[in-house]
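The Zn(2+) 1 binding site feature in Swiss-Prot is assigned to Cys57, His453, Cys461, Cys463. Positions annotated as N-linked glycosylation site by Swiss-Prot: Asn88, Asn125, Asn174, Asn202, Asn214, Asn314, Asn351, Asn359, Asn376, Asn381. Per Swiss-Prot, N-myristoyl glycine is recorded for Gly2, and the stated evidence type is sequence analysis. Swiss-Prot lists 2-17, 54-58, 59-418 with the feature topological domain 'Extracellular'. Feature annotation from Swiss-Prot assigns topological domain 'Cytoplasmic' to 440-479; the stated evidence is sequence analysis. According to Swiss-Prot, the feature transmembrane segment maps to 18-32, 34-53, 419-439.
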Amino acid sequence: MGQLISFFQDIPIFFEEALNVALAVVTLLAIIKGIVNVWKSGILQLFVFLVLAGRSCSFKVGHHTNFESFTVKLGGVFHELPSLCRVNNSYSLIRLSHNSNQALSVEYVDVHPVLCSSSPTILDNYTQCIKGSPEFDWILGWTIKGLGHDFLRDPRICCEPKKTTNAEFTFQLNLTDSPETHHYRSKIEVGIRHLFGNYITNDSYSKMSVVMRNTTWEGQCSNSHVNTLRFLVKNAGYLVGRKPLAFFSWSLSDPKGNDMPGGYCLERWMLVAGDLKCFGNTAVAKCNLNHDSEFCDMLRLFDFNKNAIEKLNNQTKTAVNMLTHSINSLISDNLLMRNKLKEILKVPYCNYTRFWYINHTKSGEHSLPRCWLVSNGSYLNESDFRNEWILESDHLIAEMLSKEYQDRQGKTPLTLVDLCFWSAIFFTTSLFLHLVGFPTHRHIQGDPCPLPHRLDRNGACRCGRFQKLGKQVTWKRKH
């Protein structure tokens, strides 16, 4: 302890000597440089690795990057659009909206049509049969068109009008097999499969009619937003190429249709609950560049949903037609039908329900969500596409580094960077020239410098004052 006190007392005297100061500086620099060299050598990292190896089994892609996912809940997106589901092979339901307690039942039965003798003629107008229930007008039109019925060429639809306010109305499509209606029956069967999914058929007991009635929704089956998308696309008049046109622009909104420039926050009303993630303008910009992603299809659907929600609140057929034109631009290359083909061929496909992405927990950056594929009715295991999300992690890191580089380039003037670079080149070149030492003038061997005269190789002055001396000359660098 006494030696330590004596050392502190002698510090002023110690630093009075310049040599001691130099030694202290050199010692400090050597210690710091030694620590840096030891750290860069990797021996400390190797020791930490050997101590912690096998103690952490967390599911992480890399440093500060996590593999995360979320599930789309279409009920939060389409508040006013119908939802479809199948109860059994012959009974399906179309709920008017996700908040409605009314539904339209579609039965594929083997009962012979009995209503056509006394029913009114229906030509795309259902008012006479659904008196007191105008909310079923457009859903009936979409369902009949979705099944593939043509009012001009196909057999007429029969209906039994409502007798009272709370009574049922009934519509029947005649599928009795005959040479004239065989094609019509096949077309309706294809429409049922397309809207409600595959079902088991028994060729020995052929169905004779499709019956549609109004009923109440009591949770008879679970909704499928894939069927809802098929229902919307089936009623679209045409499909256009999926790419932003010259006048195309993104419009961000909340569930009520109000502009929300902050981005798509996927919480509560939209995709996921619990403030999981907000995909803002960055994701929108990526979708404008790479618009072949299933997630971009969903974002485009949300974008069109803004005006659709405002118009559907009026519960008019014009509003529904406006939504039809919006859906036309949703999925151009018909991904739903393509996925249906993949489902039949047992190839993994996207059902627009679950998406995965890479999240950088430290910076908050994330990759554009990609669809979690389905095979044989279940989601793929994470190990089945491990290479894909590891590669996506690398792309995210590369994108972040590129943004940081561009940001730094923007903060540092390029002229200053160029000036610093060329000044360093000039200093290095001048140092090299200084070490080489180029000769500058001639001397007569054994004589002093002849300044201000300059000698030629014969020892004579170039100005003519001195004649040839015949003495040896040599080059010198310094005077």
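Numbers run from 1 along the shown chain.
Just so it is clear, glycine is given a Cβ too, placed from its N, Cα and C backbone atoms.
Annotation note: Asn381 (N-linked glycosylation site) sits in a coil segment as assigned by DSSP. There are 8 other Cβ atoms within 10 Å of the Cβ belonging to Asn376 (N-linked glycosylation site). Between the glycosylation sites Asn88, Asn174, Asn214, Asn359, Asn381, the minimum number of other C-beta atoms within 10 Å of a residue's C-beta occurs at Asn381.
Cβ contacts within 10 Å of Asn351 (N-linked glycosylation site), excluding its own Cβ and spanning all protein chains shown: 20. Closest to Asn381 (N-linked glycosylation site) in space, going by CA atoms and restricting to the glycosylation sites Asn88, Asn174, Asn214, Asn351, Asn359, is Asn351. In the three-state DSSP reading, Asn376 (N-linked glycosylation site) counts as coil. For Asn376 (N-linked glycosylation site), the nearest neighbour among the listed glycosylation sites (Asn88, Asn174, Asn214, Asn351, Asn359), judged by C-alpha distance, is Asn351. Cα to Cα, Asn174 (N-linked glycosylation site) and Asn214 (N-linked glycosylation site) are separated by 19 Å.
Cα to Cα, Asn359 (N-linked glycosylation site) and Asn351 (N-linked glycosylation site) are separated by 22 Å. Asn88 (N-linked glycosylation site) sits 18 Å from Asn214 (N-linked glycosylation site), taking the C-alpha atoms as the reference points.
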